[in-house]
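If you check TrEMBL, you get these features:
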type	residues	note
BINDING	ASP27, ASP120	Mg(2+) binding site
BINDING	ASP29	substrate binding site
Amino acid sequence: MTSSDNATGARDALNLRLKAIKLVVFDVDGVLTDGRLYYSAQGEALKVFNVKDGVGIKLLHDCQVQVAIMTAKDSPMVAQRMADLGIKHYFAGVKDKRFQLDALATQEALAPAQLCFVGDDMVDLPAMSLAGVGICPADAYSLVRQAADLVTPMDGGQGVARFVCDLILMAQGKYDHAYAQSMTPQFEKNRTGTPQ
């Protein structure tokens with residue numbers, strides 16, 4: 001067996017696991033953002049989000065894959081972004097992400113194999129180990145990269161969520177349908193929350 005065969009086998013095995021995913025959980029700092037903190041002149045912490053991630057999250061949601069956000073911090077700016085995206089499961093100030101993920105899975109009647117967790121630092125490892133698939137950005141902490149089932153080719157804040165959403169949509173055979181739907185006026189209205 002060649003290394004190419006091993007890589008193909010590993011990719012096929014991951015695709016099978018992604019096919020079972022019903023809930024994807026994203027951390028915020030270092031995943032949906034680049035992990036850096038910016039401060040306004042008034043001392044307000046600012047975060048930058050990638051609009052492509054928002055589209056991917058909306059596409060996943062429209063294809064009946066739930067999305068949750070879990071973050072250790074509590075930020076009005078993050079809460080607003082999640083409200084803009086229509087995120088139903090937004091958990092801020094979470095100290096034990098594994099406990100919160102387990103509680104959410106129980107509430108939604110989901111098995112660990114149906115969960116995907118995307119995180120970047122040590123606080124995310126317990127939740128990643130509970131989930132059927134654990135993913136991290138390229139610039140995640142080294143121990144997180146070692147533990148992850150998949151390391152994305154991009155750093156946090158650079159489209160990690162979009163990459164993960166696309167992988168799941170492709171594995172589940174929903175990619176073409178999702179992108180056809182994204183070209184409709186209704187998708188744009190739902191995505192932005194504004195009338196067309």
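Glycine is treated like the rest: Cβ placed from N, Cα and C.
Features recorded in TrEMBL, as mapped to the structure shown.
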| residue | record | CB count, 10 Å |
| --- | --- | --- |
| ASP27 | Mg(2+) binding site | 29 |
| ASP29 | substrate binding site | 21 |
| ASP120 | Mg(2+) binding site | 27 |
